[in-house]
Each structure stands twice: as C-alpha cells, then as structure tokens.
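Visitor: First the structure, which I've put down as structure tokens, then a few questions once you've had a look.
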Ligand SMILES: CC(=O)[C@@H](O)[C@H](O)COP(=O)(O)O
Ligand SMILES: NCC(=O)COP(=O)(O)O
C-alpha cells in the first residue's frame with residue numbers, strides 16, 4: 001500500500017500571513033495524523049516563508065507517524081536535519097529564489113556531492129531520498145550515490161494528465177520498475193491531487209509513499225467551505 005505523507009507547508013503559509021499562531025501548525029499536524037495520514041512532510045526554505053526551521057524542531061516532538069524533511073542540502077539545512085533527526089530526508093535541488101521545486105537532481109554531475117551528503121545522513125540513521133525526474137540515467141545515477149529511495153518529481157505528469165495525456169505516466173512507471181530492480185524505494189510528489197492520484201498510484205508499481213501538499217490543502221479548503229458557511233449562518237440566526 002502506498003503511504004500518504006501530508007505536506008503542511010501551506011498551513012504555515014496561512015499562519016505566517018497574519019503573524020500569529022492561527023492556524024496552529026502543531027495542532028493541525030496532530031489532527032492530520034488522527035485523520036489517518038501516514039506521514040508529515042515539511043520543506044523549509046532558506047527564507048522561511050512558510051515552514052520555519054523552528055517548526056521542524058517543534059513538529060519532531062509531536063509527529064507520531066513518519067517525519068520527512070525536504071530541502072536543498074545547504075549547510076543550515078543539513079545542520080537542522082542532523083539536529084531534528086527525522087525518519088526521512090528528501091534532498092531537492094531547489095534554488096533559493098524558486099517559487100517551488102522545479103527540477104530533479106542531475107545525479108551524474110552531482111555524484112560526488114550527493115554521495116557525501118547522503119553518507120552523512122545515513123551515518124545518523126536517517127533514511128535518504130532524492131528528488132529526480134523520471135529519466136533512467138538519473139535513476140541509475142541515484143543508485144550509484146547510495147540513496148535509500150528516490151522521489152519521482154511528478155509535475156510533468158500532473159500537467160499532462162490534466163490535458164488528457166494519460167501516457168505521461170509511462171516514464172514514471174518505467175523508472176519505478178528500474179528503481180525497484182536497483183534496490184531503491186520509490187516515493188513521488190509534486191502537484192499530485194484528488195484528480196490524478198488514483199491513476200498515478202494504479203499505474204506506477206512499487207510506490208511506497210506520496211507527499212502531497214498544495215492540492216490537498218486547496219481541496220480541503222474547498223470541501224470545507226460549505227460546512228463552515230453553514231455554521232456561520234446558523235450562529236448568526238441564533
Ligand atoms: C519537493 C516538492 O515537490 C515539494 O516539497 C514542494 O517543493 C513543496 O514546496 P512548496 O510548498 O514550497 O511549493
Ligand atoms: N514532495 C512533494 C511534496 O511534499 C508536496 O508537493 P505539492 O503537493 O505541494 O506540489
């Protein structure tokens with residue numbers, strides 16, 4: 001069964017918009033786990049525009065499922081992960097000014113760097129995953145750097161699926177098979193949603209975990225609106 005790790009970046013974005021502690025990220029994470037999520041993902045960025053480094057420390061105390069910290073392994077990120085010791089770290093080659101993650105690792109040109117960084121985390125007992133495009137050479141390269149898992153970068157799939165191009169899943173299925181043959185676990189994420197998740201999970205074998213944030217929070221907002229508006233109307237009529 002594929003596990004669902006909920007990325008809570010967007011909850012922190014909403015909290016930060018007012019400067020207080022609403023919504024309370026820690027309480028949200030407790031609730032998300034009680035609703036059945038099998039993991040919690042955070043992706044602190046250097047500007048801390050959503051998840052702050054302190055959030056990662058605070059969440060470590062409350063997450064009872066799997067804690068996954070994603071990010072570019074710059075020194076401050078590596079220090080944070082080594083301090084917090086989540087179950088999994090996912091390395092993402094995102095630029096400091098990127099709006100969101102927009103590429104997988106070139107595992108060939110970054111071979112020495114990734115090998116070194118991964119060995120540091122593995123020495124501390126932290127499972128490693130690296131964000132990669134569904135390209136066979138990059139999967140071969142991932143196996144060569146010693147990572148435990150890969151995370152397939154699914155933005156292209158999501159974009160093509162929305163246009164009706166369902167064949168866009170094929171490279172992902174092929175790379176998942178290759179990864180399995182090479183002894184790598186397979187995760188996936190980015191722009192997965194209620195629209196595309198069943199098809200993706202049915203077509204891609206050996207999928208251990210998906211991390212979903214942006215769409216899941218938008219969908220939760222939308223599906224909750226009717227209930228909450230009804231509650232306001234009821235209170236105003238009391
Ligand atoms: C690696 C990945 O695809 C997600 O972690 C994504 O980058 C979420 O980050 P943002 O919430 O900053 O878009
Ligand atoms: N690793 C992907 C992730 O955590 C969530 O990405 P998205 O659903 O916010 O695009």
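Placement of Cβ uses the backbone N, Cα and C atoms for every residue, glycine included.
Curation does not apply to TrEMBL; its annotations are automatic.
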Visitor: Just to be sure I read the record right: 45, 50 are listed as binding 1-deoxy-D-xylulose 5-phosphate in TrEMBL. Which of 2, 100, 107, 109 is listed for the same site?
Guide: 100
Visitor: Determine which of 7, 165 appears in TrEMBL for the same 3-amino-2-oxopropyl phosphate site as 18, 191, 213, 214.
Guide: 7
Visitor: Based on a Cβ-to-ligand 1 distance below 6 Å, what subset of the recorded positions 18, 151, 191 would you report?
Guide: none
Visitor: For residue 43 (active site, proton acceptor), what is the secondary structure by DSSP, using just helix, strand and coil?
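Guide: Reduced to three states, the DSSP call for residue 43 (active site, proton acceptor) is coil.
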Visitor: Using C-alpha atoms only, work out the spacing between residue 214 (3-amino-2-oxopropyl phosphate binding site) and residue 43 (active site, proton acceptor) and round it to an integer in Å.
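Guide: So the Cα of residue 43 (active site, proton acceptor) lies 12 Å away from that of residue 214 (3-amino-2-oxopropyl phosphate binding site).
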Visitor: If the 1-deoxy-D-xylulose 5-phosphate site is taken as the center of the Cβ atoms of 45, 50, 100, which further residues of that chain fall within 8 Å of it by their Cβ?
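Guide: Not counting the recorded site residues, we get 9, 13, 43, 49, 51, 98, 99.
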